[in-house]
Amino acid sequence: MVFRKPPDGGWGWVIVLVSFFTQFLCYGSPLAVGVLYLEWLDAFGEGKGKTAWVGSLANGIGLLASPVCSICVSSFGARPVAIFSGFMVAGGLMMSSFAPNIYFLYVSYGIVVGLGCGLLYTATVTITCQYFDKRRGLALGLISTGSSVGLFIYAALQRELIELYGLDGCLLIVGALSLNILACGSLMRPLESSDSPPSEKTCVDKVPDQYFVYHEKGKTVEENISILEKGYIDEKCVNNMPDCKQDSILNKNVLSSINVNEKDTYKKKVVEQTNFCKQLAKRKWQLYLTYWKETVVLFKNKVFSALFVAILLFDIGGFPPSLLMEDVARSANINEDDYYMPLISIIGIMTTVGKLILGILADFKWVNTLYLYVTTLLMTGMALFAIPFAKSYLTLAMLSGILGFLTGNWSIFPYVTTKTVGIEKLTHAYGILMFFAGLGNSLGPPIVGWFYDWTQEYDTAFYFSGFCVLLGGFLLLLAALPCWNACTTQGSKLPPNTYSYKVASS
């Protein structure tokens, strides 16, 4: 398959549009699951920690399975994966409407919907990167806002649907809306070259394939000899076309004179192929060892190790508000008449604003992206500490806006990773970090829910969340300080291909 140069426009803008709506449709319900969380608490009567697993799995399983999602998109292409994942998301949402207990929701909503969202995210990012090169940052920024806009709209939409049709009707309607992903996926046309067809292979290019055909099962020695004979004739035809027929007759005479050595030749070829398989297996094993050696080298970088701890703690402590904020307001006995807008909707719209503003700031040369990221972590920790003191809708709405804006630091996280490990190790390092981010997403809400089940109030839970985020921020700040890097690199050299973060100069 031959690919054209990324057009940076044209049909690429259609790809951006359908990728935006794909993320809007698939992530709208899982990110706004806090509205459904309240209904599941009342419907099944389970503890808050056990019920919170549903939303945390839906948001974390896609990140945990990111290596599998990447393999699927690489093997089958973005369009087939998007269409298949659309069925997964829609089917999981519709199945959830018939859930008899919370354990059924773990599978239907948590795993099926979550895995479908992970596949769709990988497909949209991959197809967008294929169509854009110079404008890739803009294109990725536009499609990433689809999930935040989905959170903003779906929070209010699901609440209205629950009031009109009940929880089961809401899930059925939202699942039906998700079927529009199929239309979006069908427009994800792969970037193939259709203008200039690939040049036809000459006889010389076909000769190696013909020589390897004799390894197929069921071939006799005579059949293999005839195949070798045909490959030899084709090769001679390319080199000297006028003498082709004469060489063919001569070749037949030569082959007939060496029929005694047919079996020995065949056995020799089998031995050669066996040695080739052994060398291939050895090479695969060496690649596997190289992967783990590179992973060990990454963790020898103190800033990367601190970044790994920070992203894990940030998702354990910073993700629960987007899931539990509505229940926090209900626990504070806030009158529903005071609700001007769902708190989750505020988080969603401010996350969009945060992604855009923080992404713009990261492009300035005088801004150190690592210190900017650390600042968002520390401010998130302080905002989490303030939640127990919020007893009115206005204060909770302000804190929701602040937390949503700071959650937009996802837009600068790739910048930080690149500055820490270098562009050539970005894919390897980012995959590791996303796995632990998914682990934090999966563990955060259940831990906060368990704290409530033990203490019957959210204060201790959010103190714990704030402590986790602050701890991660301080560890990352300590590892990034120039004085710390100077002290640790005087006595010993850094391993090759690792990077110590340096403060950007103006």
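Along the chain as shown, residues are numbered 1 onward.
Backbone N, Cα and C atoms are what each Cβ position is placed from, and that goes for glycine too.
Annotation comment: TrEMBL describes 12-40, 52-73, 80-98, 104-125, 137-156, 162-183, 303-319, 339-358, 370-390, 396-417, 429-452, 464-484 as transmembrane segment.
Tallying C-beta pairs under 8 angstroms between the transmembrane segment (464-484) and each of 12-40, 104-125, 137-156, 370-390, 396-417 places 370-390 first. When Cβ-Cβ distances below 8 Å are used as the criterion, the transmembrane segment (12-40) is approached by residues 6, 46, 51-52, 54-55, 58-59, 82, 85-86, 89, 93, 102, 105, 109, 113-114, 116-117, 120-121, 123-125, 127-128, 131-132, 139, 142-147, 149-151, 153-155, 157-159, 162, 167, 170-171, 174, 177-178, 180-181, 184-185, 187-189, 322-327, 330, 342, 344-345, 348 of the same chain, each at least six residues removed from its ends. Panel annotation: around the transmembrane segment (137-156), residues 12, 16, 19-29, 31-32, 34-35, 124-125, 128-129, 131, 174, 322, 341-342, 344-345, 347-349, 351-352, 355-356, 359, 410-411 of the same chain, lying at least six beyond its termini, place a Cβ under 8 Å from a Cβ of the stretch. Taking residue pairs at least 6 apart in sequence, the transmembrane segment (396-417) and the transmembrane segment (52-73) share fewer than three C-beta contacts under 8 angstroms.
Counted over residue pairs 6 or more apart, the CB atoms of the transmembrane segment (429-452) and the transmembrane segment (104-125) come under 8 Å in fewer than three pairs, which marks the two as apart. Across 80-98, 162-183, 339-358, 396-417, stretch 396-417 shows the highest tally of CB pairs under 8 A with the transmembrane segment (303-319).
Tertiary neighbourhood of the transmembrane segment (80-98): same-chain residues 22, 25-26, 29, 72-73, 104-105, 108-109, 112-113, 115-117, 119-120, 122-124, 167-172, 174-176, 178-179, 181-182, 184-186, 188, selected by CB-CB distance under 8 Å and a gap of 6+ residues from either end.
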